[in-house]
Every structure is written in C-alpha cells, then in structure tokens.
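J.: Sharing a structure here in structure tokens format.
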Amino acid sequence: MASGSSAETSSLMRDLLRQAGGVAVVDGGLSTELERHGADLNDPLWSAKCLLTSPHLIRKVHLDYLEAGADIIITASYQATIQGFKAKGFSTEESESLLRKSVEIAREARDIYYDRCTQCSSADSGNGRILKRRPILVAASVGSYGAYLADGSEYSGNYGEAMTLGRLKDFHRRRVQILAESGPDLLAFETVPNKLEAQAYAELLEEENMQLPAWFSFNSKDGINVVSGDSLLECATVAESCKKVVAVGINCTPPRFIHGLLTLITQVATKPIIVYPNSGESYDPDRKMWVQNTGVSDEDFVSYVNKWCEAGASLVGGCCRTTPNTIRAIYTTLPNRSTSPPEQ
Ligand code: MET
Ligand SMILES: [Zn+2]
C-alpha cells in the first residue's frame with residue numbers, strides 16, 4: 001500500500017503516465033459489459049450483484065480489458081455499499097467481505113494477466129490480445145449516494161434539502177475504509193453528481209488520513225456543469241485542493257461534451273486529467289434501459305481521443321456501453337502505445 005504522503009501518492013500517477021508514454025488507458029464500462037455477457041443487473045446492487053452470483057464473469061471482464069490495453073481496471077464496487085447489502089439481508093461482516101471481494105477479483109485478474117504475459121513471448125498473441133507486461137493499477141470504485149439509491153439520481157445529483165455534508169460522509173465512511181484496506185492502488189470516486197458529495201469525499205480522505213490516492217470524476221449532461229447544475233469549475237476546485245487527489249475529470253458523459261468540459265477543467269486543474277465517457281447513448285431511468293441508436297461508434301469515439309489529449313487529458317478510457325473493442329481502439333490510436341517493436 002502507498003505511504004500516503006502527497007509526494008508519494010502523486011508519484012504513483014506520475015510513474016504510471018511516464019511508463020505509459022504520456023497517456024494511460026483506463027478500462028471501459030464494467031456493468032454494461034457484464035450485462036452484454038448475459039448478467040441480469042436489474043437490481044439495486046447493479047453490477048455488485050455479480051459479486052454474489054458470478055465473480056468469475058467480473059474477473060473475465062477485467063481480463064478482457066487488460067488484454068485490450070487498459071492500464072487501470074476499476075473494481076465492481078460502484079454500487080456495492082454496506083447499506084445496500086444489508087438491505088438484502090447480509091450481515092455487516094458479510095457486506096464488508098463482499099466489498100473486499102471486489103478488490104480481490106481485480107487483483108486476481110491482474111495476476112492472471114501477468115502470468116499470460118509471461119507465457120506469451122510476443123506482445124500481441126495474434127488474435128488482438130495485448131499481452132505486454134506493464135504497470136497496472138487497480139482502482140476501487142466508489143459510486144455516489146445517488147447510485148446507491150438506484151433511482152437514477154446519480155444523473156440528477158438532487159439529494160433534496162435534507163441531505164448534508166455530514167450525512168454523506170457518514171454514508172460513505174466505512175465503505176471507503178474497507179475498500180482502502182483491501183489492497184487497491186487507488187480509489188476511484190466516480191460519476192460524482194454534485195459539489196456536496198465531492199466535498200464529503202475530500203473531507204473523508206483527510207479525516208481518515210487515507211493511505212491511498214484517489215481520483216474524482218464528475219458527470220455532466222449539458223457539457224457545462226455537473227449533472228446537478230453545480231459549477232464544474234467549483235467541483236474541480238474541490239478535487240484540486242485535496243492533497244490525496246491525484247487526478248480529476250469526467251466520466252459517464254457523452255463524448256461530444258468532453259472537449260468543452262476539458263477546456264473548463266484545465267482552467268483550475270494542475271493535476272492529471274482523466275476522461276472516460278460513455279458511448280453517448282442516453283439512459284432512461286424510468287424504463288431502466290439505454291436508448292438505442294443515440295450513441296457514437298467505436299471509430300467515432302476514438303476519433304476524439306487524441307483531441308482530448310491535446311486538450312489536456314492524460315488518462316482516457318470508457319464508461320457505460322463502451323466495450324473492450326473501444327478500449328483496444330483507444331490503446332491503438334495513442335502514439336507510443338504501438339504493440340509492434342520499435343523500428344531499428
Ligand atoms: C454509471 S457509471 C458506472 C461506472 C462503473 N465503473 C461501471 O462501469 O460499472
Ligand atoms: Zn457509466
């Protein structure tokens with residue numbers, strides 16, 4: 001586990017970026033990929049349900065992303081909360097052990113991947129698999145309070161007047177502690193829908209003297225503000241001001257908004273910027289379905305990638321409805337990440 005000093009935590013990210021040739025690749029959608037493989041995630045636990053029913057499938061999807069070139073894999077804990085597991089009848093101990101399991105599965109996938117790299121002498125096994133030993137980070141996902149509510153409020157960011165900073169911190173505290181103690185390389189606070197929750201995370205990291213670095217990633221549905229309507233500049237400033245935060249950015253947001261959002265974030269961020277948009281399709285929370293034919297193809301998605309990097313992104317991946325093919329295309333389009341040996 002990292003020592004927790006801000007100098008060392010930021011060196012984790014600096015080293016990763018240097019070894020990746022300047023831009024690191026984040027994995028793609030986990031939950032939607034589990035669904036594409038047949039998992040039924042129509043449940044308040046969403047992908048965390050697979051921690052109970054099909055851990056092998058989670059491991060497979062992590063491996064698929066590693067073999068597509070991801071340098072960072074994000075655990076299946078996005079919608080895994082102690083409160084959510086208890087509502088299903090699990091004890092506190094069982095709930096905490098399920099959280100730990102999400103990190104264990106990702107670490108196992110990394111170990112298996114490294115074994116495959118050792119067994120395979122060429123970087124590309126021939127069927128498009130990228131088998132190249134490189135630094136790989138496991139990021140423990142922390143979804144928002146709105147994600148736990150499972151009513152789409154991670155896309156409204158509206159928690160009502162009664163919600164307070166203290167309540168949000170109490171909601172997340174034990175879960176974040178357990179995840180941090182389970183051996184990930186960093187914490188991924190994802191799809192953060194409002195400023196209050198970003199402040200809660202920042203204060204938690206400081207109060208708990210968290211021994212791990214973290215990234216904060218917001219979502220937007222208008223290309224200007226975060227989904228609640230809070231100012232992205234103010235939200236990014238909360239992340240920028242927190243010593244434990246080593247990257248700040250945007251996820252689960254349509255690709256067409258990313259360039260403009262990057263222009264905003266770069267006004268306040270000196271830390272590395274992470275973007276992992278969704279496929280551009282929209283989610284209908286009432287029908288609990290993605291609306292087809294509103295997204296972009298993998299080719300279109302990838303045509304943006306180098307422009308995002310020019311605009312300041314240094315970690316790029318995909319969120320909901322992106323697949324290993326999207327991630328492989330991102331990896332391949334990045335200069336310095338070619339799988340072929342350098343020319344003599
Ligand atoms: C709604 S955003 C979901 C992010 C999460 N890492 C997942 O892919 O499942
Ligand atoms: Zn998403």
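Every residue gets a Cβ built from N, Cα and C, even glycine.
Remember, TrEMBL labels are computer predictions, not curated facts.
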J.: Determine which of Cys252, Cys309 appears in TrEMBL for the same Zn(2+) site as Cys319, Cys320.
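T.: Among the candidates, TrEMBL records only Cys252 at this Zn(2+) site.
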J.: Over all shown protein chains, what is the count of other CB atoms within 10 A of the CB belonging to Cys319 (Zn(2+) binding site)?
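T.: Looking across every protein chain shown, the total is 27.
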J.: Can you work out the mean pLDDT of the predicted model over the domain 'Hcy-binding' (12-334)?
T.: 95
J.: Name the secondary structure element type, per DSSP in three states, that contains Cys319 (Zn(2+) binding site).
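T.: Assignment for Cys319 (Zn(2+) binding site) reads coil.
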J.: Around Cys252 (Zn(2+) binding site), how many other C-beta atoms are within 10 angstroms of its C-beta?
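T.: Summing over all protein chains shown, Cys252 (Zn(2+) binding site) has 24 other Cβ atoms within 10 Å.
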